[in-house]
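Listed in Swiss-Prot:
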| type | residues | note |
| --- | --- | --- |
| BINDING | Glu133, His246, Glu335 | Mg(2+) 1 binding site |
| BINDING | Glu135, Glu190, Glu197 | Mg(2+) 2 binding site |
| BINDING | Glu185, Ser250, Arg318, Arg323 | ATP binding site |
| BINDING | Asn241, Gly242, Arg300, Glu306, Arg318, Arg337 | L-glutamate binding site |
| DOMAIN | 15-102 | domain 'GS beta-grasp' |
| DOMAIN | 109-446 | domain 'GS catalytic' |
| SITE | Arg63 | site 'Important for inhibition by glutamine' |
Amino acid sequence: MTITAADIRRDVKEKDIKFLRLMFTDILGTLKNVEVPATDEQLDKLFENKMMFDGSSIEGFVRINESDMYLYPDLDTWIVFPWGDEYGKVAGVICDVYTPEGEPFAGDPRGVLKRNLKSMEKLGFKSFNLGPEPEFFLFKLNENDEPTLEVNDKGGYFDLAPTDLAGNTRREIVNVLTDLGFEVEASHHEVAIGQHEIDFKYANALKACDNIQIFKLVVKTIARKHGLHATFMAKPVHGINGSGMHCNMSLFTEDGANAFADPTGDMGLSDVAHSFIAGLLKHAYNFTAITNPTVNSYKRLVPGYEAPVYVAWAGRNRSPLIRVPASRGLSTRVELRAVDPTANPYLALAVLLAAGLDGVEHKLEAPEAIESNIYVMTEEERKAHGITDLPSTLHNAVKALPEDTIVTEALGEHVLVNFVEAKRIEWASYAQFVSQWEIDNYLELY
């Protein structure tokens, strides 16, 4: 359904909307916004693409001497938030970032994904679909409304009350998401204490990434209302599972067919699917800095906590990087299991698409599927199967990122340079920090 300027003007009037959030995403994946009053004058500026902002203070955008940027709204992303306060109702729209010359800004992550989707269309595909599975933790707040490290419950996978104490919080999140147009498919407690997952229906990659950003905003807002802090940090607690964001991906052709499906193919998969998998495996080591972009991300990517460590693929086996869920036909998809929810979704999907399409374009052949538990294999067994490791640290991942031309071209020079610089600073800061583990292990020993 296409939303027009007239639809938005009518919404503003009929729903008594007082403020507009003009939302965009920085290179590190943080949702930003410029808020303006919902007056006729401001609406005119919005629809005429005349909303200007200072991009010099936004992570990875521009220098201070070239800071003027413009926000072009994608009207189809219009939402009216179902919460408000004494200052009035708030609505929002996701925007693309443009230069004063009217060109898409090279540092806009949403624009990066759109550019890669155009490259996909040139290869004859109509859409790249994503079904994300974002996980998050809920922590209690202290008397100053600051997050603690005390989880909200001691529940486990699919638990019910009384061990799952967040049922009402999740229900309100689901209700709000539904009001905003999401089709929520499942809501449940995850494996770790205090960990939760809410799954929503797949969509084309651009809409799915927009949904991820709005989803995070809703989860954090509703959690705070219930006296809790929601975090999408990959591994907030030692010794238990971390939070992932499995990405279920599929390509569709112009005639509406799933390009990954072939009933006569090996495992019910087409040659396109096998080549897409091969491309993902080929570039996995190099794109991991994008899909797992924080120091903490690599505390999750360790054996023993249901997170992938090894570059391989399988059918139902959940130990490799990639698996193919059992559904076939239009539901045929490839699930990449390494991504965590700290990733910038637009950049992550851009590099995953580029990697997969490299495999398709060059008709790469996927290696054998590994259906045995890789975690219990010896190093020699893994080597015999051609199984390699993902990067073990952010330092190694960032070092590998610029070495892959497919991945770097997907990102573009502006994003690549600014992302790498930010992550090198992050690693240097971490490397100099003296942790409690070091104190516990070395202070008395030496």
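Cβ from N, Cα, C; glycine included.
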Residues satisfying Cβ distance under 8 Å from Arg337 (L-glutamate binding site), sequence separation of at least 6: Gly244, His246, Ala307, Pro308, Arg318, Pro320, Leu321, Ile322, Arg323
Spatial separation of Asn241 (L-glutamate binding site) from Glu190 (Mg(2+) 2 binding site) - C-alpha basis, Å: 9
DSSP residue counts for the domain 'GS beta-grasp' (15-102), split into helix, strand and coil: 14 helix, 44 strand, 30 coil
Distant-in-sequence Cβ neighbours of Glu335 (Mg(2+) 1 binding site), under 8 Å, six or more positions away: His246, Cys247, Asn248, Met249, Ile322, Arg323, Val324, Pro325
Candidates Glu133, Glu135, Glu185, Glu197, Ser250 (binding-site residues) with Cα within 10 Å of Gly242 (L-glutamate binding site): Glu135
From binding-site residues Glu133, Glu135, Glu185, Glu197, the one whose Cα lies nearest Arg300 (L-glutamate binding site): Glu135
Nearest of the binding-site residues (Glu133, Glu135, Glu197, Asn241, Glu306) to Ser250 (ATP binding site) - Cα to Cα: Glu133
Glu190 (Mg(2+) 2 binding site) in three-state DSSP notation: coil
PLDDT averaged over the residues of the domain 'GS catalytic' (109-446): 91
Glu197 (Mg(2+) 2 binding site) to Glu133 (Mg(2+) 1 binding site) - Cα separation in whole Å: 7
